[in-house]
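The structure appears below as structure tokens.
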Amino acid sequence: MEDPLLLGDDQLITRNLKSTPTWWMNFTAELKNVSSMAAPMATVTVSQYLLPVISVMVAGHCGELQLSGVTLATAFANVSGFGIMYGLVGALETLCGQAYGAKQYTKIGTYTFSAIVSNVPIVVLISILWFYMDKLFVSLGQDPDISKVAGSYAVCLIPALLAQAVQQPLTRFLQTQGLVLPLLYCAITTLLFHIPVCLILVYAFGLGSNGAALAIGLSYWFNVLILALYVRFSSACEKTRGFVSDDFVLSVKQFFQYGIPSAAMTTIEWSLFELLILSSGLLPNPKLETSVLSICLTTSSLHCVIPMGIGAAGSTRISNELGAGNPEVARLAVFAGIFLWFLEATICSTLLFTCKNIFGYAFSNSKEVVDYVTELSSLLCLSFMVDGFSSVLDGVARGSGWQNIGAWANVVAYYLLGAPVGFFLGFWGHMNGKGLWIGVIVGSTAQGIILAIVTACLSWEEQAAKARERIVGRTLE
């Protein structure tokens, strides 16, 4: 059983808190707490990110048509399905995290169960859309053969989406209690399980690209199984795996109250990146532009898992301490997350900039592509900085419970600022893919600025009071 990360009065030096020596001691302690969670969570996110990527890579060896169809289906499925599942459970980072801090342990199990039940009908609705994905793509002007492969792949992804409806709440159930090592072991085991299963279904069973999609579903359900077994039999979850039926209806209401804006935060951001790739096909020399922007997007997405891990750790620490009534510790968790972001982004940006002349060869042997990637490397380094900052502050929003503000911030940042700037520079400014990527940076920068202003203006004492009212208010009546 892992040690709890909540800081009690005996662990936090409260006397003369604003003095430099005392503040630094508390900050160092909190930095250690956030770091101990951020590293495992980043590894968990990397493992989960690589799982569908491996399926795309294996399916791509079935032929160019299969690669195009699978890539198209994956992009659409991420925005219309998996992104929604990932976003909705952001509500649990608020509710379960603050309930754990407030020692309302049975509510953690109730919130998690209500999330799973609430996710299932949403999966059914999304699945109906996926059944007609091929016809949708054809109506949007996509190649009929590619659309047929994409539609078939999407239908085979439905079991994976249903698994995510269970896996994501279980992940947040453990994360918000600081139980990140079980998540780490399960994620790595699942990734190792997925590789042979994918190869067997695609080649040994002759299922082709559809086998790659089915392998994702099998691997996700395998992860659900081992997570569920841990939750059921581990003594670390003994207090929190309970269920209170009287709180179920209220829990569902609260889940959607925070889950819908949280899902909006995710899908608004993810959809802009997919729109970027689709738009690159309308530029002069679309093959080059699409290839280079796909490389930039892949690199940026892979890097983002690190600040996402920091954001998840920060979210947990903030929600735990607000629920426990420790606003000063929650404030320190914000500073700790920002410090880790700056350190990580500086290292990764410096490394990429140093290798910018050879970086493109990791993806292509074409000198034209490599030279273009080199030209965009400076912008990609800047993306590392601003995207990481936004990811950490997204965690602050989820931990504090102001996802609705975060959703509106994303609308303003990405669709009122980022997208117009990108399209103007890319098409009318004749900067092509470079202009589109500048639009992404503008959107991420605007998002970070808005979230930073909101965070700076927060009254943490008020946030702690809201957390207590949110979690235990009904109990105290």
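Cβ from N, Cα, C; glycine included.
Feature annotations, reproduced from Swiss-Prot:
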type: TRANSMEM; residues: 38-58; note: transmembrane segment
type: TRANSMEM; residues: 72-92; note: transmembrane segment
type: TRANSMEM; residues: 113-133; note: transmembrane segment
type: TRANSMEM; residues: 146-166; note: transmembrane segment
type: TRANSMEM; residues: 187-207; note: transmembrane segment
type: TRANSMEM; residues: 211-231; note: transmembrane segment
type: TRANSMEM; residues: 263-283; note: transmembrane segment
type: TRANSMEM; residues: 292-312; note: transmembrane segment
type: TRANSMEM; residues: 333-353; note: transmembrane segment
type: TRANSMEM; residues: 376-396; note: transmembrane segment
type: TRANSMEM; residues: 411-431; note: transmembrane segment
type: TRANSMEM; residues: 436-456; note: transmembrane segment
Give the nonlocal contacts of the transmembrane segment (292-312) in its own chain as ranges (CB under 8 Å, at least six residues past its ends).
34, 37-46, 49, 93, 175, 273, 276-277, 280, 337, 340-341, 344-345, 348, 352, 360, 363-364, 369, 372-373, 376, 380, 383-384, 387-389, 391-396, 398, 433, 436-437
Determine which recorded stretch among 72-92, 211-231, 333-353 has the most C-beta pairs below 8 angstroms with the transmembrane segment (263-283).
72-92
Given pairs 6 or more apart, does the transmembrane segment (211-231) have at least three Cβ pairs under 8 Å with the transmembrane segment (38-58)?
yes
For the transmembrane segment (113-133), sequence-distant contacts whose Cβ falls under 8 Å of one of its Cβ atoms, 6 or more beyond its ends:
73, 76-77, 80-81, 84-85, 88-89, 91-92, 147, 150-151, 154-155, 157-158, 161-162, 165-166, 168-169, 172, 243, 248, 251-252, 255-256, 259
With a Cβ cut-off under 8 Å, give me the same-chain residues at least six positions beyond the ends of the transmembrane segment (436-456) that come close to it.
269, 272-273, 276, 279-280, 283, 293, 296, 334, 376, 379-380, 382-383, 386-387, 389-390, 393-394, 396-397, 402, 405-406, 409-410, 412-414, 417-426
Close approaches to the transmembrane segment (72-92) from elsewhere in its chain (Cβ under 8 angstroms; 6 or more beyond its ends):
52, 56, 111-112, 115, 118-119, 122-123, 126, 129-130, 133, 137, 142, 146-147, 149-151, 153-154, 157, 161, 164-165, 168-169, 171-173, 176, 213, 254-260, 262-267, 270-271, 274, 277, 398, 403
Which residues of the chain, 6 or more past the ends of the transmembrane segment (333-353), have a CB below 8 A from one of its CBs?
27, 30-31, 33-35, 38, 299, 303, 306-307, 310-311, 313-314, 317-318, 321, 359, 377-378, 380-382, 384-385, 388-389, 391-392, 395-396, 399, 455
